[in-house]
Structures are given as C-alpha cells and as structure tokens.
C-alpha cells in the first residue's frame, strides 16, 4: 500500500510496480488460459479437429500469452526455443542431449545473471525467467528422450526410459507446440513429449484406459472420463490458497526471523516454532500457482493418469504437488518427492539416472543452478544434500526397530514428522532470503544446529550403498544376461 511504498527509492518503486503488474498479468493469463482450455477440449477435440490444427492453436495462443504477460522479455523464450531446434536437427544423436543441456542451461544462467544486475536482488514474483525455466526443462527432457530412442539400445534403458524414449525427431510444429503451448507456457508444468503428443492426437486417455480390464468391471466399452470434477476440486484449492496468501503470507514475513528485536527477546524453541509458521505462510503462493496450472491442463483434457484401486479416475499426471503428503511427510525424501513433483521428475530423468557418480550431490547442484544464482539457493540446496544423506543414514539404521508394534510406529512417525518439518524450514529459509548476509545471520541465530547434527550423524553412523548404485548394478546384470542369451 501507499504507506509501505512511499519511502522506497524511485528504482525500487519501479521494480515494485513492475512486479505488481506482472502478478496481475500472470493471474489474468492463467484465468483466460483456463477458459481457452475448456473451449479447446470441447470445440477442438481430436474428433473435431486434426492434430495440426490443435498444435497450431495451442502454439499461437501460447505465444500470445507470453507476449502479453512479459512483453519484449518474451523474446528470450523464442530465441532459446529456436536455438535448440537447430541443435536438435544438426547435432549428432550421441551428443544431442549434451549440446541441448549446455545451451539451454547456459542461456538460462545468463538470464539469471542479467536479472541480478538489473534488479539488484529485487526478486519479482513472476518474470520471464519462470517460463524460461520450464522451457529449459522441456528442451533437456526431449533431448535426453530422443537420445534414448535413437542413440541407445533398448536393453541399455530402464523401463521408464524405454517407455518415454522418442524414436524420431519432431517436426517444427510439434516442437513449438510442445514447448510453447498455452496450457504450460506461463507456469508449467513440464511434461514428457510422448505424453503431450498422445494428448494432441487423442490417444492420451485411451492409452491409460487400456491398462484396465473393463469387462471384468461390467463395462461393455471403454468409459469416457471427464476432467470437470478434478478441475473444480483444484479450483477450490486455488481459491483457498489465494485467501491464505492474502492473509497469512503478508502477516508472517520470513524476514522477521532475523529481526534484531525478535532475536533478542525470543527463546530458541520459540524461534523454531515461528520459523515453522513463516514457512507455512510462504507456501500458499506456490499452492495457488501450481494447482491453477494443473487445472488449466486438466480443463484441456490433459493430465489423465489412469484409474486407482477404488476405480476412481485420476487426473494427476501433471500435478506439481501433493499437499496432504507434504504436510504429513515423515522423511525429507517424502517431502521432496511431493513438492514440485514435475521438477523432481525432470531432475531424476536428466541428472540422477544419468550421473556417473555422486548422483544425489549432482542433482541438488543442478537444481540450485536451474533456480538461479542467488546465494540463498545454493545455501538451501547444499544444506539439502547434507540433510538428505543424514536422514537416509538414520532411516536405514533405525527405522526397522520401530516397525514391530503399532505404538512404536506411531511414536516414530510423530517424531520424524516434527524433525522433517523443522529440517525443511531450516533448509528453505535461505531460499526465501536470497542473500548471504541474512542467511548467515539466520543460521547463526539457530546455532547451525542442523548442519552440526547432520555431520555428526554421517560421521558416527554406517552408510549403506545408495539404491542408485544398486540399480545400476542390477541394470548391468540384466544387460549381461540379455547379451549372453
């Protein structure tokens, strides 16, 4: 409001006003995309329009939304897309994933650096780097899956890599539609190329339905799942998240945890409690943006993931979070797997599954680099490596002792839930603070306790081999068996 901004320097006022405008444009684009998605599903369904028409409509609307929301900054999106289209068609298949990764991540990093110098830590709620980050995910995903489909033998791939492998280079229209479609251009999420093409061609739902024996369930033909219920449910979550954002987020700023008066007068345990509160207050904006993006894709008919054990149609193929699992997570791993799900899947497919060594560390480092160059990101992800390894060691060494009875298991879950939530709060605080000075001040105020405890755990407890290494050994054994036969 005016009282809060009247004393700001003119440059900061300009950035603040620009951020507000971008927020308005973001919400307007997503709401219009929601309406367009319903229209797209009803009037441009595969039975009414060809794949080329659906591709063209999705692309043109996506380009329009990008220009409307980000103005001339949207040029960065188009430059990166066309640069990598050239790489995809000219690079050799054995190197296509490497060249695409270096160019996409390099361009994204240069844009992150330019924003630092332009805005001087003035982080914008929405800006062109957000869509650029999603496009980088899609470019590298497609490049890796194209490399798997053409440049590698089927027996060298995991089951998931085999399923998602792309056997031929896409046309220009297919490529542009996948990267720039209106459903994901603003807020994502990243999806797999084969899933997207199946959706455009009208095979997306049918493929998932064929995985179920419908005759045993009393059906004489395949059902026709409607996304309307899923969309309405997700819009309700979006509305609640918006209300929480307008109330909680504004009243519990993260910066207060390093306020001198707060640190002087508040005991250590109370500071940890408040840290949990402010971290909870920071979540609704992510819940709002990601759930709305998911609803947009569902409204267009994209995102069907099959049928659950109860026979309910699921529309969570593109969901970026599972709020219940996040808030009840009893391990650091469980929390990460349910937060920004599609980004976690991208990191696994392009880094963790392909890293020759130290997959956990390399994956966290890539995640930090992808997010940007603010020092706070690197504090968060480097701390995340330490806590992940420590949590894994504790779980492997102690969890089995608490599975013998229900009371012990409940006690274990309660304790690990509290520790997990505090560990997450401790880890993500620098992600919000961004800069070095407030991050160091925060960690000093809590005595670096999680860092110290994690190091002690890693020094004192035996560490079992990572499942990544075991899986690699199993894949190699399977490959040798196939070759011998």
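Positions of Cβ are set from backbone N, Cα and C atoms, glycine also.
Ranges compared are 446-463, 464-481, and TrEMBL records transmembrane segment for 446-463.
The stretch that TrEMBL tags with transmembrane segment, taken from the ranges 338-354, 355-371, is 355-371.
Scored on C-beta pairs under 8 angstroms, the neighbour of the transmembrane segment (414-434) with the top count among 230-248, 377-394, 446-463 is 377-394.
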